[in-house]
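I have placed the structure first, in the form of C-alpha cells, so that the comments after it can refer back to it.
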Amino acid sequence: MYQSNYGREGFSHITIAGALAHGMKEVEVWLQTFGPGQRTPIHRHSCEEVFVVLKGKGTLLLGSSSMKYPGQPQEIPVFKNSTFSVPVNDPHQVWNSDEHEDLQVLVIISRPPVKIFTYDDWSVPHTAAKLKFPYFWDEDCLPAPKDEL
C-alpha cells in the first residue's frame, strides 16, 4: 500500500481499500497519522465519514452546515478506542491537540471518490469554500482526461 504525506509535514495517509485504487464502489478505508499539533484543513464533503481512533488523542472541530457560515466549531475530544462520525456536509477539522504523541485514525467514507470543499477559516461562507477534486490521494488513480480532437 502506498503511503505519503502529500506535501503536509507531520501527516501520513494510506488508502487501505479504495474506490479508484481497488475497485470498491460504496466505501473507502484510510489509515491516517497526524504528528503532534497537526490538523486537517477545515473542510466538508457530501459523504458520511466514520473515524476509529487507534492511537493518541485529539480534537474534532465540528461546524454547522445549517447556517450561512460554519460558525464557531464545537470542540469534541477524541481518544484511543473511541469512534466518532461526521454528518454529511458538516464542516470539520481533525486536530492532534496532543503535544507529544501521534494521533492515528482509521477512516471510513461513503460514496468515494470524495469531493472536498476547503475553508480558509470558520467564517468563510459555504458558497465560498474551494473545491478540491480529485483529492490528493485520488489524483494518481483517476484516468487522464482524453483529448477531444
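Glycine is no exception: its Cβ is also placed from the backbone N, Cα and C atoms.
TrEMBL entries are annotated by machine, without manual review.
According to TrEMBL, the feature Zn(2+) binding site maps to HIS43, HIS45, GLU49, HIS92. With a cut-off of 8 Å between CB atoms and residues at least 6 apart in sequence, the same chain places THR40, ILE42, HIS43, ARG44, LEU60, LEU61, LEU62, GLY63, PRO73, VAL86 near HIS92 (Zn(2+) binding site), listed in sequence order.
The annotation N-linked glycosylation site is assigned in TrEMBL to ASN81. Non-local contacts of ASN81 (N-linked glycosylation site) by the CB criterion (under 8 A, 6+ apart in sequence, same chain) comprise VAL53.
Listed in sequence order, the residues of the same chain lying 6 or more apart from GLU49 (Zn(2+) binding site) and placing their CB within less than 8 Å of its CB are SER85, VAL86, VAL107, ILE108, ILE109, SER110. Listed in sequence order, VAL88, ASN89, ILE109, VAL114, LYS115, ILE116, PHE117 are the same-chain residues at least 6 apart in sequence whose CB falls under 8 Å from the CB of HIS45 (Zn(2+) binding site).
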